[in-house]
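Engineer: Shown below is the structure under consideration.
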Amino acid sequence: MADKKGSTGEKLLYCSFCGKSQHEVKKLIAGPSVFICDECIDLCNEIIRDEAAISEKEGGLAVKSDLPTPHEIRQSLDQYVIGQEQAKKILAVAVYNHYKRLKHLGKKDDVELSKSNILLIGPTGSGKTLLAQTLARLLNVPFVIADATTLTEAGYVGEDVENIIQKLLQNCNYEVDKAQRGIVYIDEIDKISRKSDNPSITRDVSGEGVQQALLKLVEGTMASVPPQGGRKHPNQDFLQVDTTNILFICGGAFDGLEKIIMQRSDKTGIGFGAEVQSKEERDVSEVLPQVEPEDLIKFGLIPELIGRLPVVATLAKLDEAALMEILVEPKNAIVKQYQKLLAMEGVELEIRPSGLTAIARKAIKRKTGARGLRSIVEHALMDVMYDLPNHKGVQKVVIDESTISDEGKPLLIYEEQPKVAGSN
């Protein structure tokens, strides 16, 4: 029964599920001839959450659809990343195999599949971070970017490596199961190389020490993370996160690695003359794909960490044609973004081919790659975007070579004013 008379004649209402009266619970919600209390609602929600977590664990990915194939992953990367065809292919296969492995966890088998973390080697602005971000968005898994240069050994001033896992948890609302299937991108991994091949009596707290700390995280460990972003202190309960199934992608420019590779392969001599240097710079894209573990060890990475990054993809330096394509082709191309911003003011933006060429050349001159394109376009449009809200009648903004190369002002095209009747 959902209701009956009390001793005072008051009509008492009861939960149809647990039988508690309206005085024993905070809230009683009525339905067609039934009632349910807030405690039973909480219990139902908990059961649903637990079942969803189990189902997600068995299914592997935190996505509803099936795992995309390497071809589908590559096609998605093509929409956002221009060029770097071989790197995209390597990444597509590695990521597909990683999440395929997770989908089959727990199944009894004689063969245990190892995790294949990834090392991306390429110059600044070649698309390393964008590739990792696009992969995480496609797979709908938690993603975090960490800067290796801010990391230090535990106990020293700086970020502890376990802070990376804390940020990953924050990005998925502290759902541990989701975090344990996420992607971590560690940028500037080359900046924590050993300072020399010989052990030093002084502590290398931001070099080899950090590599050793990262090694545990990358190969798989139980990381202790303070709940909800609190600071670590004794007598505190920690969240335990197993990093065994987190995919780690490490990226770096590795400036000078090509010299080490060429020394090993004896294809060319190493010198300090300008001619030799220009030759080396010209051949970097051809030399980097020949990288071997021994080259990375000589560069300053510890052998154990290299062993935990078995998949190596190299990215080429972007040329003028690639940078021009990046400006206009991808889904979220920079030119499309600024066209949308100006369209909100009712103004059309046109960047002529000569303007695109000038932007690409300036980025190459600055040695910033694709990363520098936005700042060049932003600088060219700064005054226009400042004045436009108060500037009536502008129909189109045009950027050409002179706007970029000579720091000239963009051309403003105004709407034709309607002629007043009777005027000459």
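Keep in mind that glycine also has a Cβ here, set from the backbone N, Cα and C atoms.
Quick paste from Swiss-Prot:
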DOMAIN    3-56  domain 'ClpX-type ZB'
BINDING   C15, C18, C37, C40  Zn(2+) binding site
BINDING   P123, T124, G125, S126, G127, K128, T129, L130  ATP binding site
Engineer: Centre the Cβ atoms of C15, C18, C37, C40, go out 8 Å, and tell me which other residues of that chain have a Cβ in range of the Zn(2+) site.
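Structural biologist: The answer, listed by sequence position, is S16, F17, G19, K20, V25, L28, F35, I36, D38, E39, I41.
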Engineer: List the residues of the same chain that sit at least 6 positions away from S126 (ATP binding site) in sequence and have their Cβ under 8 Å from its Cβ, in sequence order, or write 'none'.
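Structural biologist: For S126 (ATP binding site), the qualifying residues are Q84, L315, A316, K317, L318, G369, A370.
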Engineer: Fewest other CB within 10 angstroms, which one of the binding-site residues C15, C18, C37, L130?
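Structural biologist: Each of the binding-site residues C15, C18, C37, L130 was scored; lowest Cβ tally within 10 Å is C18.
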Engineer: An 8 Å radius from the center of the P123, T124, G125, S126, G127, K128, T129, L130 Cβ atoms defines the neighbourhood of the ATP site; name the other residues of that chain inside it, in order.
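Structural biologist: Those within range, site residues removed, are G122, G251, L315, G369, A370, R371.
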Engineer: Can you tell me which of the binding-site residues C15, C18, C37, C40 is spatially closest to G125 (ATP binding site)? Compare CA atoms only.
Structural biologist: C40
Engineer: Going by DSSP, is C37 (Zn(2+) binding site) part of a helix, a strand, or coil?
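Structural biologist: Strand, per DSSP.
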Engineer: Around G125 (ATP binding site), how many other C-beta atoms are within 10 angstroms of its C-beta?
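Structural biologist: For G125 (ATP binding site), the count of other Cβ atoms within 10 Å is 24.
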Engineer: Between T129 (ATP binding site) and C15 (Zn(2+) binding site), what C-alpha distance do you get in Å?
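Structural biologist: Cα-Cα distance, T129 (ATP binding site) to C15 (Zn(2+) binding site): 54 Å.
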Engineer: To the nearest Å, how far is the Cα of C40 (Zn(2+) binding site) from the Cα of G127 (ATP binding site)?
Structural biologist: 51
Engineer: Name the residue among the binding-site residues P123, G127 whose Cβ has the smallest number of other Cβ atoms within 10 Å.
Structural biologist: P123
Engineer: Sequence gap of 6 or more, C-beta under 8 Å: which same-chain residues meet both conditions with respect to K128 (ATP binding site)?
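Structural biologist: Sequence-distant Cβ neighbours: L120, G122, D187, G251, L315.
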Engineer: Sorted by position, what residues of the same chain at least six away from T124 (ATP binding site) have a C-beta under 8 A from it?
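Structural biologist: Once residues fewer than 6 apart are set aside, T124 (ATP binding site) is near A253, K367, T368, G369, R371.
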Engineer: Would you mind checking how many other C-beta atoms are within 10 angstroms of the C-beta on C40 (Zn(2+) binding site)?
Structural biologist: 18
